[in-house]
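Features reported for this protein in TrEMBL:
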- 1-12: topological domain 'Lumenal' (TOPO_DOM)
- 12-29: transmembrane segment (TRANSMEM)
- 13-33: intramembrane segment (INTRAMEM)
- 34-45: topological domain 'Lumenal' (TOPO_DOM)
- 67-93: topological domain 'Cytoplasmic' (TOPO_DOM)
- 88-113: transmembrane segment (TRANSMEM)
- Gly98, Val99, Gly100, Glu180, Glu181: S-adenosyl-L-methionine binding site (BINDING)
- 115-157: topological domain 'Lumenal' (TOPO_DOM)
- 150-179: transmembrane segment (TRANSMEM)
- 179-199: topological domain 'Cytoplasmic' (TOPO_DOM)
Amino acid sequence: MTWLLGYVDPSDPCFVAAILTITFNPLFWNVVARWEQKTRKLSRAFRSPYLACYSLGAIILLLNVLRSHCFTQAMLSQPKMESLDNPTAYRMGLALLGVGSTFVLSSFFALGFTGTFLGDYFGILKEARVTTFPFNVLDNPMYWGSTANYLGWAVMHASPTGLLLTAVVALVYMVAILYEEPFTTQIYQQQASPSHKRS
């Protein structure tokens, strides 16, 4: 990883903006979702947990658009890697983008809007945890699909800056998973428990 740093100017404003958006987005949605789960203030403000969840989801989508824009601008503002600037690497990047998009889109269709955008924190639960494709192939396919998209985009642009930023994306997602996974497991265990069914 250190060899990538020779291509990257970390003081470049576009690079700094990309780092900030990559780290801020999961922090934002996790803090807001946990706050909502504890207080239900968003649900009360919107008079519906569904409207509150849709609103948070819309904000997350806009933040993700901003993150992708900053990621792309950071790549374009810094040098390319000659060894990646060839048709074979471009096709590999395109393939990664295809795989990543498949995981992201299939995750969304399997979970639905509220399942994708933290509906469980709003008390909007599915009857059981989703185990169909792509969840039967990979844990957290939305996150890893998104990471594959960024990796593919970086390879297509022959961008060492993009590769470094993709590593940051993966690291931030791993931290988010450590934070989110125990909560998701807990709520579906509670839902499946006999005492919950009797109530």
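Cβ coordinates come from backbone N, Cα and C, glycine included.
Heads up, TrEMBL stuff is auto-annotated, nobody curated it.
When averaged over the topological domain 'Lumenal' (115-157), pLDDT in the model lands at 94. Across the binding-site residues listed here (Gly98, Gly100), the residue whose Cβ sits among the most other Cβ atoms within 10 Å is Gly100. Other C-beta atoms found within 10 angstroms of the C-beta of Val99 (S-adenosyl-L-methionine binding site) number 16, with every protein chain shown included.
Here the transmembrane segment (12-29) has long-range neighbours at 56, 60, 63-64, 66-67, 70-71, 73-74, 76-78, 117-118, 161, 165, 168-169, 172-173, 175-176, meaning same-chain residues at least 6 beyond its ends whose C-beta is under 8 angstroms from one of its own. Fewest Cβ neighbours within 10 Å among the binding-site residues Glu180, Glu181: that distinction goes to Glu181. Sequence-distant contacts of the topological domain 'Lumenal' (34-45) (same chain, six or more residues past either end, CB-CB distance under 8 Å): 52, 55-56, 121-123, 183.
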